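Reviewing the structure listed below.
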Amino acid sequence: MSIKLNIKFPKDRDEALAVSGGCWVTFYESQDYKDQQITLNGPCEYSKLNNLPNSNNEDWGDQFDSLRTGPSAWVRIYNDENYKDDSYTFGPGSNIRQLPKGDDVDSLKIFGYNPER
């Protein structure tokens, strides 16, 4: 008698961290984590913020003012679409009550590792 198990193992470090549940970022429309919010699971990249998962087709470009990161998430936000202009990077467990250039985020990347290395 043989038993066949269908077990999927993460293919790399990024996927392993995302599967563990710690690679996520929640963005808030206003300072101090207020108003509308959206949580994105990583690792992922969005060159534009007009079609994010679970966004109900809402354009989130220039809408983020605060954020929180999961215990294994790194996020890099950019002030222009296609990862251009100024960028800011925040590490795991970040609670940013007011983004450096609030309402000026137009693309982003979420990593399961420190992208500065």
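The chain as shown is numbered from 1 upward.
Using N, Cα and C of the backbone, Cβ positions are placed for all residues, glycine too.
What TrEMBL annotates here:
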DOMAIN    23-99  domain 'Calcium-dependent cell adhesion molecule N-terminal'
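With DSSP classes pooled into helix, strand and coil, the tally for the domain 'Calcium-dependent cell adhesion molecule N-terminal' (23-99) is 6 helix, 38 strand, 33 coil. Along the domain 'Calcium-dependent cell adhesion molecule N-terminal' (23-99), the predicted structure has mean pLDDT 95.
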